[in-house]
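Novice: Sharing a structure, written as structure tokens. Questions coming.
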Amino acid sequence: MIIQPLNEQHLSVMMAIEVSANAFPWSEQNMSSCFGARYFHFGMFDQAQLVGFYIAEMAGPDFTLMDIGVHPQYQGKGIASQLMAHLVEQSQTRGAENIFLEVRASNQAAIHLYNKVGFCEMGIRKNYYPAATGNEDAILMGLPFNPFAM
Ligand SMILES: CC(C)(COP(=O)(O)OP(=O)(O)OC[C@H]1O[C@@H](n2cnc3c(N)ncnc32)[C@H](O)[C@@H]1OP(=O)(O)O)[C@@H](O)C(=O)NCCC(=O)NCCS
């Protein structure tokens, strides 16, 4: 397995992973809008097969993890943990002071993953996401690289 940069040519495979891994996946239009100078993207490859990816946005010193996903057949093998470690390293190299993200309150796998990397809960957005019945809260999480400067 190897982590490599992604570009728009990987969009359809990223979307296939997105759709297979999420009950409420991003649209292709949404994902397509996350290519450009403001973003960076990396994927985990098993031979030539993309099996997981992340997308990050850079806004000055504040970076955002826009999306991360691992194909269901490859989940539970530490792939997202490796991708998150890569995101942290890339963000520090690119001058980030913080990484932020939003996650569904019910997404225990992702929340566990983010806590493991060092993200802390910073707030709640009530009823932010559509859910099977009604709406669901988003938890805002952050990872400051120099917490004493905040
Ligand atoms: C969240 C996701 C990326 C994790 O990918 P993964 O490759 O399976 O993650 P890892 O194997 O690196 O496991 C990460 C940690 O989460 C834990 N975990 C995995 N599934 C879990 C679950 N259902 N409940 C609680 N913890 C879980 C693992 O045990 C591991 O923790 P550990 O190292 O302390 O044992 C994957 O489940 C996914 O693609 N989900 C759908 C997309 C999604 O929710 N993205 C996040 C959007 S904010």
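Glycine too: its Cβ is placed from the backbone N, Cα and C atoms.
Pasting the feature list from TrEMBL:
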DOMAIN    1-146  domain 'N-acetyltransferase'
BINDING   ILE68, GLY69, VAL70, ASN107  acetyl-CoA binding site
ACT_SITE  GLU102  active site, proton acceptor
ACT_SITE  TYR114  active site, proton donor
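I'm curious about the neighbourhood of these features; can you describe it?
Specialist: All protein chains shown were included, and the count of other CB atoms within 10 Å of the CB of ILE68 (acetyl-CoA binding site) stands at 21. According to DSSP, ILE68 (acetyl-CoA binding site) is assigned to a strand segment.
DSSP assigns GLU102 (active site, proton acceptor) to a strand. Same-chain residues at least 6 positions away in sequence with a Cβ under 8 Å from that of GLU102 (active site, proton acceptor) are, in sequence order, ARG125, TYR128, ALA138, ILE139, LEU140, MET141.
Under a cutoff of 8 A between CB atoms, and with a sequence separation of 6+ in the same chain, the neighbours of TYR114 (active site, proton donor) are MET84, LEU101, VAL103, MET141. In the three-state DSSP scheme, TYR114 (active site, proton donor) falls into the helix class.
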Novice: Give the three-state DSSP assignment (helix, strand or coil) for ASN107 (acetyl-CoA binding site).
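Specialist: Its secondary structure by DSSP: coil.
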Novice: Can you tell me which of these recorded positions sit near ligand 1, meaning the Cβ is under 6 Å from at least one of its atoms: GLY69, VAL70, ASN107, TYR114?
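Specialist: By the Cβ criterion, which requires under 6 Å to ligand 1, the hits are GLY69, VAL70, ASN107.
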Novice: Within the chain of GLY69 (acetyl-CoA binding site), which residues six or more apart in sequence place their C-beta under 8 angstroms from its C-beta?
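Specialist: Set apart from GLY69 (acetyl-CoA binding site) by at least 6 residues yet with Cβ under 8 Å, we have MET14, ILE17, GLU18, ALA21, ASN22, GLY52, PHE53, TYR54.
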Novice: Non-local Cβ contacts of ASN107 (acetyl-CoA binding site) (under 8 Å, 6 or more apart, same chain)?
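Specialist: Spatial neighbours, sequence-distant, of ASN107 (acetyl-CoA binding site): none.
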